[in-house]
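Engineer: According to TrEMBL, the record shows the following:
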- A:13-35: transmembrane segment (TRANSMEM)
- A:42-61: transmembrane segment (TRANSMEM)
- A:67-87: transmembrane segment (TRANSMEM)
- A:137-155: transmembrane segment (TRANSMEM)
- A:161-179: transmembrane segment (TRANSMEM)
- A:186-205: transmembrane segment (TRANSMEM)
- A:211-229: transmembrane segment (TRANSMEM)
């Protein structure tokens, strides 16, 4: 990662956000197609993309309007679907301590899993990454998402999209994020626990609430294991760092973390 | 305004509120307060835990919330993405390789 001190904020944010923007286009198109098929007008698709801005929520809305689910039920389902955003906001909060309340409002309004992932990585690896940059990442991703939805809405039923394949763009992005985060061996523990617990609880609750359970359980397990090892076996192999093939470039980054 | 448009507007409005509550209030709470060190240490585990749970859901749970272990094209593609991510450290490359391989493996497995 090169240092471009005089790079304008928007360009820095655009560069960080570009892979996400490209991934969002096909998925946005798929969401737009489904919403249009469900009976949403184009301007309604624009509204929902701007104000709800969540892939999962928009797919849920599309399938709910097709089946004529009551508005109250949809709202409740959406609330439980989106509850995990509480975790995103909580974990980013340490980087946004000095921001005003209106800024926090604007920032949280357009935050979702994907732009959080981009911003968390930037905050934790780039000392110069600012709240303004992060907000711009959100707006760039919002732009690409909305454009994708509009294209999908205009295409309507003229085209079919293989949703599981397109959706894998996001899965791949999260796989990338986990790989980047795995800097210490001990982090494999929450990873394994999270896989098992999330599959079991998501299936059990028949809802993404299971994701919250899995996240809390596995993060807590990791935290306590680290405390236990540090107190009792401070030279444990589990506490070692993981080799990074690009360590040199990353050196400055890990410094930023400490 | 006809009844359907009204209903759609209500869905969008309530959807916005439902998404905003968990987005805004925890963030407001934790940015305006002093949090103890243990809390931040605990939070360090949050991203890995959350991303992994999202991945596990995508790979092993289908749309009707049943466990599935037959998305072979996704498992192969996921492996390739992790290897690519580890060595290249490029999100763009990883996503593109992931998309190409999930699609390629789907075709390949369908032909077998």
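In case you wondered, yes, glycine gets a Cβ from its N, Cα and C as well.
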Engineer: What same-chain residues lie close to the transmembrane segment (A:42-61): Cβ under 8 Å, and 6 or more beyond its ends?
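Structural biologist: Distant Cβ neighbours of the transmembrane segment (A:42-61) are 27-28, 31-32, 34-36, 74, 77-78, 81-82, 110, 112, 114, 142, 145-146, 149-150, 152-154, 170, 208.
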Engineer: When you scan the chain for residues with a C-beta under 8 Å from the transmembrane segment (A:161-179), skipping those not six or more beyond its ends, what do you find?
Structural biologist: 19-20, 23, 26-27, 29-30, 33, 55, 113-114, 117, 120-121, 191
Engineer: Do any residues of this chain, six or more beyond the ends of the transmembrane segment (A:186-205), have a C-beta under 8 angstroms from a C-beta of it, and if so which?
Structural biologist: 178, 211, 213-215, 217-219, 221-222, 225-226, 229, 238-239
